[in-house]
Each structure stands twice: as C-alpha cells, then as structure tokens.
Amino acid sequence: MGAVGIPLTAHCVVLFLLQMVALSSEQFTVNGLESPVLVPLDGNLELSCQLSPPQQAKHMEIRWFKNRYSEPVYLYRNGKDLFGEIVYKYVERTELLKDDIGKGKVTLRIFKVTSVDSGSYHCFFKDGKFYEEHIIDVKVTATSSDIQILMHPPNIKGVRLECHSGGWFPQPHMEWRDSKGEYIPATSKSHSQDENEFFNMTMDLFIKSNSHWSATCYIQNFVTHQEESISIVLPGVWDSWCPAWIMITLLIVIHMTYYIKLYRTYATKEMLLKSIQSSSQSSTVDTEKKEWLLKSIQSRIQSSSVDAEKKEWLLKFIQSSIQSSSVDLEKKEWLLKSIQSSIQSAIVDRGTKEWLLESIQSSILSSIVDQGTKVLLLKSIQSSIQSSTLDIETKELLLKSIQSSIQSSIMDLGTKELLLKIIQSSIQSSSVDLGTKELLLKIIQSSIQSSTVDLGTKELLLKIIQSSIQSSSVDLGTKELLLKIIQSSIQSSTVDLGTKELLLKIIQSSIQSSSVDLGAKMGLLESILSSIQSSNVDLETKVLLLKSIQSSIQSSTVYLGIKQWLLERIESIIQSSSVYLDTKELLLKIIQSSIESYSVDLGNKEFLLKIILSSIQSSSVDLGTKELLVKFFQSNIQSSSVIPGTKKLLVKIIQSSLQSSSVDLGTKKVLLDIIQTSIQNSNVHTERKGLLLKIIQSSVQSSSVDQGTKEMLLEIIQSSIQNSSVNQWTKDLLLKIIQSIIQSSSVDLGTKGFLLKIIQSSIQSSSVDIGTKSMLLKKTGLILKSSIVNPGTELLFQLIESIRHSSSVNSETKKMLSEITQSTVQSSSVNPVTEEMIEEKYQLLLQSSSVNLEAENILNVTTQWILQISSVNQGKEMLLLDKIQQILQISSVNPETKDLLLEKIELILQNPGVHQETKDLLLERIQLILQNSSVQKETKYLLLERIRSILQSSCVQKETKDLLLERIQSLLQSSCVQKETKDLLLEKIQLILQNSTVHQETKDLLLERIQLFLQNSTVDQETSYLLLKRIQLILQSSSVKKETKEFVLYIIESILHSSSVHQETKDLLFDRVQLILESSSVQQGLKCLLLNMIQVIFQRTSVQKEMKDLLFNRIPLILESSSVQQETKDKLLDIIQSILQRTSVQEETKDKLLDIIQSILQRSSVQKDTIDTLLDRIQLILQRTSVQKEMKDFLLDRIKSILESFSVHQETKKLLLNRIMSILESSTVHQETKKLLLERIQSILESSSVQQETKKLLLDRIHSILKSSSVQKETKNLLLDRIHSILKSSSVQKESCNKRNPFWKKYALDLGISVFTIIVVTLIMHLKQREADQHFELNTLWSKDTSVILCVLIMFNNRLKALIYFRLYGFSPPGKAHKYIVNYILRFSHPVFCIVYSATILYMYLQIQNKDSLFSLYNSWMVEMEMVLIFLLVIFNVKNIATVLLYFDSTTLRLFFWIKG
C-alpha cells in the first residue's frame, strides 16, 4: 500500500538531498574562551577562537566585532588584513595572530585596554555562504592594594578620619566597619577619575572625643570580588596630648645644645676658610701648592662623606675667589671647571649642586665681577645644559638659576644678551635633548609673562623665539613647544599689552617670511585663532590679534593657500556659537577693511563675501550674529570707499540668497531689509540702487523664488513708492519695474494682482505726493497703450474702474486717471499728461527737417536750462534725457541739430553749478549711445570730440572728469562695443595725452584708468592690442611732454610687475617696447628711460620668472635687428654689463643673460658691429676688479663653449680671440683674471672636440702675445707654464702641438704594429693546430679577421681597445666572429670602411667555394696581398674620408675625431 504513492528512486533522491543539506549545514562550529574574560585597565587583551573540526581558514573571512557587524574591530579576508574597514580607534591598537590559521585557530590582541573595550566580542568565521560565530564577554577591571587612612588633628568635638585608595576600575564599593565587623555610616564619600580612567576613592568618618575606637576602611571590586582593608586603633583624644608635651620639651633642649656647639664650630671654620682663601690668592705661595689646594677643595665638594656644612664653607671660598679681582683668569677658569665637573657629577648630592649654582648666579649678577669672568661662567652653564651626561634634576636647578638671572633687574643688558644667546644655541642645537629644550622654553615663557622683567629683556627673548621658528635646523617638536609658549603668552592676562604687541610682530614677520615652512605658519595662525576664540583673552589683546590677521590677509607676500585656510577658519569662528558676539564684531570689521582695501585682490574678496553668505544661510548661526552680518552687508553697499566691482559681488550674493530655496524666510527678510534701507537712503549711489532694483525685478519674475519672498519684495516696492524721502528717480525705476512685471508673460497672475494692489493703495493714499501719483498714472497709461495684452492689462482696467468709483480718491486723481484712459484728450491745464505731450512735441520738432536752425537752437537752450535747474525733479530730468538719447540715436535727425545738442550737453557737464547726479545720468546716456551698434559713426565721432574737449578743459571739475573716465573704462572693457568705436575713443585719448595744454592731473587720471583696464583679466586681447598701440604712438611722439611719457612708463612698469595682469597682455606690451626701441624716429632719451625700466625689472627679485623670461626673449631680437640704432644697442649692452657686475642681482638672471650673449655670438645673422660692441662689454667685465670671481668664471665658461662650438662663425671667433689677447696684454687687468683665462685656453687646446682652425687661431694669438714687448713678464710666465703643461699632457693631439709633421708619419708606428700583430697571430694559430694534428676550419679564418680588426683599431690610435678585444676573445673567436666585428666597426668607424671590409669578406667566401683545401687558401699570398693593399688604402686616405664626412654630417665628424683621439 505504501509502494503505490512514491516510487523507490524518488525516496533515494530525497534521502540524498537531506544528507547533502545536513552536510552543508554542519561544516564547522566555532569554539573559544569561556565568558567572562577579565582584563586589567591599560593592559593587553588576547581573545582566541578555534574551528571545530580543525581546518584551513586562510581563505575564509574572519571578522571580530562588538555590537555591530558593520563596525569590525578586526577584519581578515582572502589572506589579507583589511585595515581600511576597521573602526578607526582600533586600527593601531589591534593585531590578529595567525600562526595556527592552518588549524583554524586565530587570536585577537588588543593593546592598552580602555573602559570602552568592555562588552561582547563576536568571533565570526565565514566560508562562502556558510558562517558561524562564538561570543566572548570581556570585563575591564583594575584593583589596587594602595589604601591609606589619614587622621586629621583632633579638636574638642573629636577627630576626623579620611580613607584614600586609587587605581580601581570599575567604581568599587567602599565602607567603614568597626572591630566587630559591623557597618558604620560614613560622613561623606567622593570619587574622581584620572586621565587613565582609574577611580580614586575618598571616604570620611568623624569620631567623637569621648570614645575609644578601632575603625576599618573596607573596599571591594564587584567584578573580581577582590577585597582590600586597612584598620586604625584610636585611644582617647586627650590622652594623646601628654606624651606630646614631653616630646616638645626634649626637642627644645636638644636643639639648644646643638646650636651652641654649631656656633663654636662656625667661628673656627671661618678662620680656617679665610686662611685657605688668602693662601690661594697670595702671590708668595707657589703654583703647585695652589693647585693641590684647589684639587683638594674639588674632591671634598664631590665627596659624600664630607658634611654639608663644610661644603658650604668651601663653596663660599670658591665664590669669593671668582668674584675677586686679584685672582687671575686662569685660576678662575680652573675653579669653574671644578664647579662644572661637580655639577655634572652623579655622586654629588642635590644640596651641594644648589649651593654651587647659587654661587654662579650671584657671581653673574654681581657688578664687581669683570666681563671676562662672566663669559667663563656663561660658557660653563652652556656646556652643562648641552651635556647629555647631566641628569634632568640638575638641569632643572641650573635652568631655575638662569631664569632668576634673566628676571633680575640688577643684571646688566649685555650679560643678559650673552645668557640669552646660550639659551638660543641650546634650543637650536640638535645635540640637546627635547626635555632640556622644554625646560628652556618654560624659562622663556615665564620671563615673557613676568611683570618684573623689563621690555628690553622681553624683546631679546622674543627675538630668540623668532629666529628659532624661522630656523630650518630646529626640529618640529621644538617648534611646537615654541608655538604653545606664544599661544599661552597671548592668552595670559599677566602679560602686558606692549609684550603682546612685540609677540604679534614676530608672528606676523614669520607668517610673511618665505624661509619659514608651511607647518610652522599654520601653527602660528592656529594659535592666533584659538586665542581669539578663548574667553580668557581680553578685548584689547583680541584687537591686536585681529590686526595681525588683517595684515596677513592683505599682504601680497603671504601664500594664497594660507590665506584661504585662514579665511575658512574665520568662517568657522563666525558660525561658532561658543565665540562671543563682540569678538565676531571685531572679525567682521577686519573683513570689511579687507574688502575696502585696494591691496586685496578680487578673488580673496569674493571668498570673504562667500564666507559671510554661508554664515547668513547657515541654520546653526544665531540671530545676533546674522544681524551683525547684515549690518556689514548694508555698510559695504552704502560705503563710497568700496570699489564698484566688490559692490557688484555683494549684490550678486544677495540675489543668489533670495533666489535660493535652502535659505530660510527669516534670513531672507533680513536681506530684504538691507535692500529697502539702501534704496531709501539718499547717500547710496544711483548705480548701486539700479543694481538692487534689478535684483528685485529678477527675483519677482523668477519662478524659482517662493511666494513668501515675492510678497516681501513687493512690500519693499510699495513702501519705497509711498515714502517721501525716496527721490523721484528711484521711484521712476520702481515704476518701470512694475510696468515690466505686469507686461511680462512669465510672471504669474497672483504676483501681478499684488502689484496692482500696490498701485491702487498708492493712488488712494493721501500720504503719497501728487508727483508720485502722476508717475504711477503715467505708467498705467503706458501699459494701457501697449500692444501687449495679457491678463495683467485686464486686471489694470478693473483697477481703474475701482479707483474711479472709490470715495477715498480725490477728484484731481480721478481727473488724471480719466485723462490717461482717453486716447484723444486735449487739455490746456498743467498736469502730467500735458507734460508728456510737450515732450513728444519737442522730440518731433527736433527730428523734423523742416524746422529751421534758430528754432532748434532755442529748443536746445531750453533743454540745457531745464537740466541745470536744481529744483527740477529727477523724474523730469530722466524723461528729458530719454528724449535726448532717442534724438541722438535716430539717423533721420540732421548732424547740425545733433552738434548743437551735444554742445549744450558739454556746457552742462562743464558747469560746476549743475548737480553731480544729473551729470552722472547724462554720462550714462552717452555710454549707452556709444555702446549701441545702430548709432551712426558720425554721431559717435561728434560725441567723442565733445568728450575730448571736456577732458582738456581746465574749468571742468575733477569729479566730472572722473565720472567720464569711469564710463570710458567700462566702454573699453565691454565686449558688446564695436572695435571701430573703441578705436575712435582711443584716438581721442591719444590726442588728449599729446596735448601740452591739458592739465597734468587730467592726464594722470586718464593713465590710471588705462592701467586698471590693462590689469583687468576680463578684457579681450583685441582691445588690449588697440590700447597698447596708442601707448606706443604716444611714446614715439615728440610733441608729448617728458612728464607724461615718464608717467606712461611708470604705468607700464607697474603693469609688468603686477601678478594679476594676464601673461598675454604683458607679451603684447613687450612687443610695443621692442617696436619703440627699433624705431629710428623715437628720441634717444625715451629709449634710455625704457631701457632703465628694463634694468629695474631684471634687478628686482620680486619680479616673476615668467616676466623675466619674456624680457630675455626680446633682448636677442633687439640686438639682432638691423633696424635698431647702434646707440640703442650700446645702451642695452651697458645695462647687461651693469646687471652682470651687480652682486644684488640673482644668479639665475645672470646665467640667463650669459646664455643670451652666447646665443647672439653663435648666430651668423647678427651684425658685426653688434658683436664687436658685445665683445667690448665682455672685455670690460673681465678687466674690472670690482666684478666677482664667480661672475668672471661664468663668463669664461661661455667663451670656452663659443670657441668649441662648430656653429659659431670663424670671424666671430677671431674677434673673440682678439679681445682675449688685449685682456692678456693689458696691465690693468687683475692677475687672477688672467690666470682664469689661461686655464680656459689650456682646456680648449687639450680638448679634442675643438676645431683645428680654432686651435690654429689661438696658437697664433699666443705667439703674438709672447713676442709683444707691452705684455707683462708675469703674464708671459703664466702663459709659458700653461704651454708646458699642454705639451706634457697625453690627452693633447699631435696636430695641436706639431702641425708640420707629414700625415703618413703619424700612422707609421701603428701600421708596423698592425702588420706585426697579423703575423704573430697567424703563426700562433698555425703552431697550435699543428700540435693538435687538426685541419684548418672556418673558425681559423675568423682568427685572421681578429687580427684584421686589431689592425683597424690600432690604426685609429686606439691600442687599448685592441688589447681589450684581444684579451676577451683570445686566439679563437666564435664561429660568427665577423658579425661582432662588423657591429663594432659600425659603432666606431665610418660606413666607407665597412663597405671595404664587407667586400673583402665576400671575396674570401668566393675563394673558399673555388678551392678544395682551406689550408691552401690560408697560404694563398694573393688574399694576404689584397687585404694589405685595401687597409693601406684606408690608412692613407683618412684625410679624404674626413673631408667627405665634413660635408655629410658634423655629428659623425665629432664621433670620428673622438675615436681617433
């Protein structure tokens, strides 16, 4: 019945699967230590676990973790320790012992166990998908047997007992018990934990006076159950006083007896000491006795058996001897050595050492001791400090003595300076250990912080600190200690303000110094910042610290990376809640001064503003800080000292904050308050207001800005419109914004509705003046007349209807509203609509060609009069200027009308009575006209003519000119302005600068603008090119005054020095300088000025390397150019000469200049006159005694390389050698210079790379020098010495020394040796094979090849190589020896020889094929003769081969000579 359901095979499969599951689930188990495992605190813990059954675990994942699987204490996977995934605090404290990992056993070791290491540890093994773990509980404990009972002095009530015990973990149980073991309640209990987390327990018990007690202090650790106890037996309190009185009486009697005896001994010893002193100081006593006396004193001082009293008397004797003037310096030195050895001795006790040091100190402080003795004393101190044998306790005593000496007011400043030099050398010394240095630095710290030490001493101490920080020899640990001293001194309230100021000056100079490493600078800044954040530091000190930070930010010498790090730290301080508000206020003042400073670059300013923005946007920053930040923003926007570029950055930041969704509504409200106050403030510039209003417009129209922000923005618009203090121009801009928002299709209906409500409330309000209402209604009319119809316009119609029916609106407003809505209203009464109509008529009249010139003139006079009246409101002025702009831009208006109109504009700008704001508005319109590409060129030309006449006029105010120049600058910087317009504008600038009648102040202003423009990296290359072209024309013009040219050159120099100027702009500027120097029409005076400027650039170390490289590239071009006048070249070479002679100029610059000289002399394109002049300069430099030896050495190296060069023309070399001859002939030249020169001549003659012709020329010159009678005898002797050494030298070729030898004689010996070698090698091989009864094989033939190659190598004067080859291969080279030989020849010979050799080998192969016997071939005299003839041909045609090579390749020629040599 059971068999029906499932077949047998199915049963088998199921059973098999179940077995597999059972096997896979029981691969291994993990066993380990039993819990709990106890470990002592600060000890090492070892936890082990084992796989069961034992198996290999190297391939498994082994993970030790505590609470979380993802936070391993140790991780091992696939045979690797994964330190990157271990929890940070266990990385350096754990290790896994894997000695028995093959058996599946591992041990985790944890070092320096802390309290947090308690808990459950999981030992987790994972193999593939299978895993198992074992859990071990660990408990950290610490017990102590150190337990004490302290009994306080008894009183009438009783006695207090105090039980102490330390070094327990975890917190133990502590109690008092009586003699029966019963619990006694404690009076009080307390505990504390030290830095190692050990518990220190204290327990009090008060016992009354009328009882006899036995008390036990009992303490127990609950984890280990270890118990410790201590007992005390107490008699009655009053009974204990009787023996005390007896003891006191006995002590008094004993002391009295002792002091009487001591007094008697004292008198005797004093007499004895005086006797010793007189003996040692007496001149009658011989030296041997004195020495014996001093040695005995030293041995007694160092002896432990001599009592302290005797030692004290001896030390008094030493002190009096040192201070005595009658004792000679040698004896004093000996005494001090004995003191030093006693101090450094380990057997001398502490008391003796203290007395010795006191005697040294008193001698140093004493005014009667001479300076020589004091120097000896100080040297003794120094050697003791720096001694490694001296124990730390003695060093402490010694340093205390030094400290008291420094802080003493009676010590003179000279001695203090010597003492401080000792301290400095000890700090900077690498032999002095860190502990000693720490003690020394503590002395410095206490002296700085002490109020008793005078300011001069403190200044000396601070100089030590400064030199140690800046020194590269001082180790990092010492510098860290120094920085801690600085920080503690700054934060200390005991240190006076003058000392702190000195300290901060040191910090500042160290930060700005290039010699101080980056780590030390960061440490100094960190100490300043931590002091600022500290609540202990007073406000005056913080002010000093912040000034130091300010100078670091504004300094150009401070590295950019340090500045950015500093600014980041400032940001964290601002955002910190722990820092006080007054500190933050001071920090913001620094930021503000940095923003207003011209020395701080725009990049750092942007970074500062971003810091403030992030602080405003941060939710962690408190409201008080945010208010300070907002005030800062407001003051910077409203400040006149802040440059426009910075203000634009501020405005951009505000805009991004308003449009950001991450900024909370409260912060936005604070920012909007800034905008509102700035708009309504009359002191804020109109341009800044315009930027702020653009922010409002873009934010309202932006879809990313939330509705709450938009409502707040619109409320600002409403309050500004309704505010009577806001000027009409601002209101007009606000109304334009309203108009554009209503007409915009991107703005949602809700925003438009809100805007219309603003208009309605403003029209209905009685507080709003009639002028504002008129403007509002006018804008309403413009919206209604617009062809753009959208829901906003419909809403406006509804608004008009509601205003008409409103009872709160007065009749006049309603009347104006009705006039606007009617398109054909004609009214004679004065109202805004009439004004608009008059303006329209005025525009039509001016545009009409039928109107006569007289009528136009009347109209223009009227315009001028309206703009000049200060009572006319700004809104009307704006409208009028709009019309003027339109007239000038329209091409249909005739030029005469435009000219008249521009004449009137000029008169307005020249009139000092016209308001500056009106002029600014007018100039804004002029800028817009010039930027417009649709405006005719003729109109622009007329306009620029007027600008020129304004700038040239002396009656125009400086402010007006400044405004005008600002507009010109922005025009040139704008990329949308046409090139043609810029060219016209620059032409006018040129004419102004060339005009001698123009005031110098105007020219200065203009040139300042040019400088700012060129330094701006955003300006395009084309505009820079145009401007530099004009500068060139100004400098070349003879009509321009010298003062103007000098100012232009000053600007050029400052641009070139500036690191903010783009490299391409500098390159363009150099092009222009080069063109000026090349021009013959330019005056020589101007060229001299330019060249002086170049000299200054070269000599300055602050000038960038790239800058100098650009200048270096130009010098060869100027000198090579034939168009440049010789006079200019002379001046340039004079400058090069003076630079080379200067010691202050950098070596790198000089090296570069010498490279240029060398390249000029090596070029064939350079004119002969230029070379001659250049060589004159070289001669002058070498003849001058004031020029440094190193400089001359440099120059002579260059001369040598020129003479050795193949590319230098022979004529140039001839000229150079003429100069060398004239130097050697000159009697004024220093003998050392001549010696250097002759050394170079020797090296040239000895060199194989120098051409034969050059050597010949040089030898001719030497010959003429020796013949000359004008040459000094010393020079000739030096020259003959050099010739003698050259002739002796084996490296010199025969060609150089003996030119007349026939060519074949040189190789006669080589040829003989070659033939002899061939014969010898052949005979040896023949005899060798005969003895062995062997037949000749092919290898025998290659032995002949070996002899051939020997012949070739010897032929090339290379016997050594031949011998090496002979030794390497022996008599029988390998079977394919010809391959090695051919390769060798290819490397060291010419291809012609290879062809000859290959032909020979081929011929030999052909002969082999035709002969039966190799032996007969070997004996064939024909082959031998042919080979000899071929090699003789090669030998006697070396000259011809050399000639061929000369035409083929100069490099191969050099190689040929090298092999030959």
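Every residue gets a Cβ built from N, Cα and C, even glycine.
Here Swiss-Prot annotates a disulfide bond for Cys163; of Cys123, Cys217, the partner residue is Cys217.
Feature annotation from Swiss-Prot across Asn200, Asn932 places N-linked glycosylation site at Asn200. Matching Swiss-Prot disulfide entries to the candidates Cys12, Cys49 identifies the partner of Cys123 as Cys49. Mean predicted confidence for the topological domain 'Extracellular' (25-1306): the pLDDT average there is 63. Here the Cα atom of Cys49 (disulfide bond) is found 43 Å from that of Cys163 (disulfide bond). Contacts of Cys217 (disulfide bond) defined by a Cβ separation under 8 A and a same-chain sequence distance of 6+ are given as Ile147, Ile149, Cys163, Ser165, Met174, Trp176, Met203, Ser229, Ile230, Ser231, in order along the sequence.
Cβ neighbours within 10 Å of Cys163 (disulfide bond), excluding its own Cβ and spanning all shown chains: 26. Following the DSSP three-state reduction, the secondary structure of Cys217 (disulfide bond) is strand.
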